[in-house]
Amino acid sequence: MFEIMLLKINYHKVVGSLLLLFPLLLTVQATPLLWSEQLLWLENFVIAGGVLLVMASVFLSGKMRWNLMDWLVALWWAYVMLQGYLQSSYPCSYEMVTYSCLFALYLLLRFADSYFAIDESFIENLILVATSYEIVLGLWQLFLGSSLHPLYRVTGSFYNPGPYAAYVAMGVSIVITRLANYNPLVKSDKYIRGVYLLLLFVGMLVLAISGSRAALLALLIVVIWQYRLLVRKYIWYVLLAIITVGGIFLYVKFGSAMGRVVIWYQSLSLIAQHGVFGSGIGSFCGEYGETLRLFFSEQSHVDAFAAYADVVDYAFCDIFQVGVEQGLIGLLLALSIVALVLRSERGTSKGMFACMLVLFVFSLFSYPFQLLPFQVIGVILLAKVSGGVIMELGLSKKANVVLLALMSFFCWLGLDFTQKHVEARVSSQKCVLFSDAVFIKENYQLLDFCCQDKNFLFGFSKMLQSAGRYMDSNAMLLKGIKISNDPMFWVLMGNNFRSMKMLDDAIRCYDVADEMLPNRLYPLYKKMLLWQERGNVTQAKKCAGELLRRVPKRSSSAVKDMQAEACRILNVHQ
């Protein structure tokens, strides 16, 4: 009888653990930023898993007891949905669908854990396997293949080395905790220790190649936490080492560090400006462009910080991005969840806690939780940690089943919506490659599905411009300005006004583009040519002198050509 019960328990654990395989598999695939096939597969998984759990709940014992973490997650999701509905000035359909799917995944995994008792060590092992795959892929890219970014040699399944380094750091953090708890008296541990040491060495190698300081800092925090008793003993030596390494990192990538300072300052300004409710879901890029323009309206800011500013898609601190878009309410909910996670140290395995610590520290300097793979991993870890949080507020088993069924039903309703957006994204990538007017009709059909794709909007506006439809082109550019802080949207709008002989409007557009990023010479160059075209030699010479005075963010043949033209104008009109 006891053996039968043991088999049953093991069977339950196996079933629960298998539920994690599919979502974790999605995290090691190259995932586009918007409307990816992986999101579609995740929705299908949530629907199928929800239906199976609802059916199995009739025969299985156990009940999910809602605790403080569960209520906070549910409240945060409800608040985000309400924000997306009430503050609709920015397109945010992708965020609404993604966050709803992630919340449904959270509920699914919480229910699965209550029925099948998912093993923490199994989650750690899955992450180690996934990390090993990413390390091997990175080494292959380094020596034999090519990465997904033309400027970096190693990116793994990601389009940038930063997120790749964060993924590898998760696995390395688990290795660090397991090596710290190595038992030399157990013979099998000796062989496993060799595997861990190899994984640690290779993992640190690819982290060094990736050049991610945030990932290395996150691992340093994990080491300090794991060996905190030893650190206290040698605290002054540790502090000296941290200051030295930190100074080296700052010196090596000073421009990148100052760029983050600019982004964080603007983010804090936006949080203070929009207060309690924020600027709206999906609004960060557009709001950042406007606040950056106001910031550089003062010459002292231009002289001190213009060289470090650039076009960004994220706040490079997930907490700040939440604060900008969701206001103080969203920020409070997010920080409350983080606080509960950090307090769960004693009730969580060291490997899982180290993994969450890496993600949290990394998210303070980068944007992991804006990417679907890390959102899925975050939900998996959070769902498991939630089971150990106290202050339970239970719902009946029937109410839990109804809630899971409703979330699966809502995912099913949104399946066709997601499918159309995924197909539109694939089609738009082909259409914007051409500037022929024959594709204008097709692009208008895709517009409603691609309104959050800045590359599509910019390409479509250029297509309309080439067809002489300047006002229609400007309409697309105005949509793009809401979701991007790239000054080229304003430059192209100025070009359209120039073609329509609306020269004053063109000047204003060039001025806005120039104020957003003073280290970009092209808007000033276009304004210089326009003043010359209008016969205003004084203004043309003024622009030429300013262009030559400025230090561009990076030198190129195009920059040299613009500087040569500015010199020519000054020489001709001496």
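Yeah, the Cβs are placed from backbone N, Cα and C, and that goes for glycine too.
Per TrEMBL, the feature transmembrane segment maps to 40-61 (among others). Counting same-chain residues at least six beyond the ends of the transmembrane segment (40-61), those with a Cβ under 8 angstroms from any Cβ of the stretch are 19, 22-23, 26, 101, 104-105, 108, 111-112, 115, 372, 376, 397, 401, 404-405, 407-408, 411-412, 414-415, 418-419, 422.
Outside the transmembrane segment (68-85), and at least 6 residues removed from its termini, the chain residues within Cβ reach (under 8 Å) are 92, 95-96, 99-100, 103, 106, 110, 277-278, 280-281, 325-326, 329-330, 333-334, 336-337, 340, 382, 385-386, 389-391, 393. The transmembrane segment feature in TrEMBL is assigned to 68-85 (among others).
Per TrEMBL, transmembrane segment is recorded for 97-118 (among others).
Counting same-chain residues at least six beyond the ends of the transmembrane segment (125-144), those with a Cβ under 8 angstroms from any Cβ of the stretch are 20-21, 24, 27-28, 153-157, 164, 167-168, 170-172, 174-175, 199, 202-203, 206, 209-210, 355, 377. Taken from TrEMBL, the feature transmembrane segment applies to 125-144 (among others).
Among the features that TrEMBL reports, transmembrane segment is placed at 164-183 (among others).
Beyond its flanks by at least six residues, the transmembrane segment (195-228) meets 128, 131-132, 135, 138-139, 142, 152-154, 161-162, 164-166, 168-169, 171-173, 175-180, 182, 238, 242, 245, 249, 253, 350, 354, 357-359, 361-362, 364-366 of its own chain at Cβ-Cβ distances under 8 Å. Annotation source TrEMBL lists transmembrane segment at 195-228 (among others).
Outside the transmembrane segment (234-252) by six or more residues, the chain places 213, 216, 220, 224 with a CB less than 8 A from a CB of the stretch. As annotated by TrEMBL, transmembrane segment applies to 234-252 (among others).
With a threshold of 8 Å between CB atoms, the same-chain residues lying at least 6 positions outside the transmembrane segment (264-284) that come near it are 80, 83-84, 87-92, 94-96, 291-292, 295, 314-317, 320-321, 323-331, 452, 482-483. Per TrEMBL, transmembrane segment is recorded for 264-284 (among others).
Annotated transmembrane segment per TrEMBL: 319-342 (among others), in sequence order.
The list of residues near the transmembrane segment (351-369) in space but at least 6 beyond its ends in sequence, with Cβ under 8 angstroms from a Cβ of it, reads 120-121, 123-124, 127, 162-163, 166, 169-170, 173-174, 176-178, 212-215, 217-219, 221-222, 225-226, 260, 313-319, 321, 338, 341-342, 344-345, 375, 377-378, 381, 384-385. Here TrEMBL flags 351-369 (among others) as transmembrane segment.
Listed as Cβ neighbours of the transmembrane segment (401-418) (distance under 8 Å, sequence separation of 6 or more from its ends, same chain) are residues 35, 39-40, 43-44, 46-47, 49-51, 53-54, 57, 93, 97, 100-101, 103-104, 107-108, 111, 395. Annotated transmembrane segment per TrEMBL: 401-418 (among others), in sequence order.
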